[in-house]
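Feature annotations, reproduced from Swiss-Prot:
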- E92: active site, proton acceptor (ACT_SITE)
- 99-333: domain 'Radical SAM core' (DOMAIN)
- C106-C338: disulfide bond (DISULFID)
- C113, C117, C120: [4Fe-4S] cluster binding site (BINDING)
- G159, E160, S190, S213, L214, H215, N293: S-adenosyl-L-methionine binding site (BINDING)
- C338: active site, S-methylcysteine intermediate (ACT_SITE)
Amino acid sequence: MKVVNHATKYERLKHFLNALNEPTYRYKQITEAIFKHRIGAFNKMTTLPKALRESLINEFGPSILTVEPVLETTSQQVTKVLLKVAGNNQVEAVRMHYEAGWESFCISSQCGCGLGCTFCSTGAIGLKQNLSADEMTDQLLYFYLKGHSLDSVSFMGMGEALANVRIFDALNVLVDRQLFALSPRRITVSTVGIIPNIQRMTSSFPQMNLTFSLHSPFHDQRSELMPINNKYPLDQVMNVLDQHIHETGRKVYIAYVMLRGVNDSEKHAEALVKRILNNRYPHLYHVNLIRYNPTVGTPENYGQTIEEKLQTFYRVVKSARIPVTIRSQFGREIDAACGQLYGQYQAKKR
């Protein structure tokens, strides 16, 4: 018996159990097995009758997971896992472990990306497919079932999160008290500036963290680096972000990848400061400066800015009393750092 195609497997589970006339507490038994006892295999959910376990296996497969691990790579503080998803495609997810014991996860929303940012490995692949809500949340569930603590989550892996509307189903799963039960404030969604879905984040998930990938304060240059700027111009995005702050009271993070000789000058820093100070809530913008991480598929003409330029840029922003940090580097040696995820695909010719 095949069930209707609800947005997530948890909805499909409810429908399936109802169709079998199972008591309503069966769903809770399954979710407790997964999220309380970390059991991912249906045949090991021994609180369920054997016949029901067999029915679940026949309908959903042996595991609750919809992703399949292919390769795991580890460095000192980082684990990167390559996962197979529907259509025989692949995505990557990253776990970062901090010395204080905190664990943070970076997950993908798309297989590849169709927006073509010129300095990004994922963008060099092109868009293979949008991930389902289950494929997004199962990247986390994979780590959780292995015993890891989901202290914070960011949609900063492969893909543009807000270009995949299924992310909103995924976010609902992550905050569902019967499922992952994550605090919205532990979740960060990154975007290049998809205005309609930023507005949807404002109304539907006001307490979640929002990061805007800016990378140049100049319209023409940003359009060259990030073609999406032609559809959603920087001026308009900044207005929408200001409205987001007004309605939520939450700060917005500005991600800025430092590209040597491209966007790392004092002129760029001063223009970035001017853009932020022109908004109603300049103290609620937090700039994250990110060292560029070249890898497979990224053009050779981009390089990492020199440390002196990075520090000068930092001082210009900080002197304007705008919160600013230089993001710590994790996982560069295993292609797990910012902008390096490419799912072992070959880059398209640009």
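Using N, Cα and C of the backbone, Cβ positions are placed for all residues, glycine too.
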Statement: Whole-Å Cα distance, C106 (disulfide bond) to C113 ([4Fe-4S] cluster binding site), is 16
- prompt: Do you know offhand how many angstrom separate E160 (S-adenosyl-L-methionine binding site) and C113 ([4Fe-4S] cluster binding site) by C-alpha?
  reply: 7
- prompt: What's the CA-CA gap between C117 ([4Fe-4S] cluster binding site) and L214 (S-adenosyl-L-methionine binding site) in angstrom, rounded?
  reply: 11
Field: All-chain count of other Cβ atoms within 10 Å of S190 (S-adenosyl-L-methionine binding site)
entry: 22
Message: Roughly how many Å lie between the Cα atoms of L214 (S-adenosyl-L-methionine binding site) and C120 ([4Fe-4S] cluster binding site), rounded to a whole value?
response: 13
- prompt: Which residue, of the binding-site residues S213, N293, has its CB surrounded by the fewest other CB atoms within 10 A?
  reply: N293
Statement: Counting across all protein chains, other CB atoms within 10 angstroms of the CB of E160 (S-adenosyl-L-methionine binding site) number 25
Query: Taking just the CA atoms, what is the gap between C113 ([4Fe-4S] cluster binding site) and N293 (S-adenosyl-L-methionine binding site) in Å?
result: 18
Whole-number Å value for how far C120 ([4Fe-4S] cluster binding site) lies from H215 (S-adenosyl-L-methionine binding site) (Cα to Cα): 12
Statement: Reduced DSSP state (H/G/I helix, E/B strand, rest coil) at S213 (S-adenosyl-L-methionine binding site) is strand
Statement: Rounded to a whole number of Å, the separation of the Cα atoms of C120 ([4Fe-4S] cluster binding site) and N293 (S-adenosyl-L-methionine binding site) comes to 9
Message: I want to check the contact list for G159 (S-adenosyl-L-methionine binding site): same chain, sequence separation of six or more, C-beta distance under 8 angstroms. What comes out?
response: S108, S109, Q110, C111, G112, C113, T122, L127, N130, L131
Message: I'm checking region-level scores; what's the whole-number mean pLDDT for the domain 'Radical SAM core' (99-333)?
response: 94
Message: I need the CA-to-CA distance for E92 (active site, proton acceptor) versus S213 (S-adenosyl-L-methionine binding site), whole Å please.
response: 20
Statement: If we take the residues G159, E160, S190, S213, L214, H215, N293 that the record assigns to S-adenosyl-L-methionine, their largest CA-CA distance in Å comes out at 18
